[in-house]
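**Student:** Take this structure first; my questions come after.
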Amino acid sequence: MRVLLQLGLLALGAVCVCAIPKQSATLRALVRETLTLLSTHRTLLKGNETLRISVPAHKNHQLCIEEIFQGIDTLKNQTTQGEALATLFQNLSLIKKHIDLQKQKCGEERRRVKQFLDYLQEFLAVINTEWTIEG
């Protein structure tokens with residue numbers, strides 16, 4: 001019985017480990033497809049020259065996610081939808097859902113100071129290496 005339980009836990013762990021890269025690979029594939037669709041249909045999307053959409057002033061895209069998706073909604077509502085554009089906006093919606101699910105993890109449980117400091121150090125390292133620091 002104990003061996004069966006251990007095998008079950010081992011199988012569950014293997015499923016979890018395999019699911020994470022698959023989800024990440026799926027998201028990467030979705031983003032690549034969306035970039036291709038955006039590039040392909042850019043002219044069609046630019047059709048409404050009078051439409052104005054807010055564009056964040058700085059390049060730290062992580063800080064402007066809400067503004068980016070508000071712009072996507074504006075563009076979607078003001079653009080004549082065809083099948084190709086429907087796929088583009090559907091992909092963008094799926095990407096937003098993924099980001100929203102990830103944001104829910106921000107309010108995790110309280111932990112010890114050392115764990116917070118480790119997280120803070122990692123956060124600052126990301127800012128230092130991946131973000132465009134503006135003056």
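Here the Cβ of each residue, glycine as well, is placed from N, Cα and C on the backbone.
Checked Swiss-Prot, it gives:
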- 1-19: signal peptide (SIGNAL)
- ASN48: N-linked glycosylation site (CARBOHYD)
- ASN77: N-linked glycosylation site (CARBOHYD)
- ASN91: N-linked glycosylation site (CARBOHYD)
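Could you place the listed features in the three-dimensional structure?
**Tutor:** The 10 Å shell around the Cβ of ASN48 (N-linked glycosylation site) contains 11 further Cβ atoms across the protein chains shown.
Sequence-distant contacts (6 or more apart, same chain, Cβ under 8 Å) of ASN77 (N-linked glycosylation site) do not exist in this structure.
The Cβ of ASN91 (N-linked glycosylation site) lies under 8 Å from the Cβ of LEU30, GLU33, THR34, LEU37, each of these being in the same chain and 6 or more residues away along the sequence.
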**Student:** Give the three-state DSSP assignment (helix, strand or coil) for ASN77 (N-linked glycosylation site).
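**Tutor:** In three-state terms, ASN77 (N-linked glycosylation site) counts as helix.
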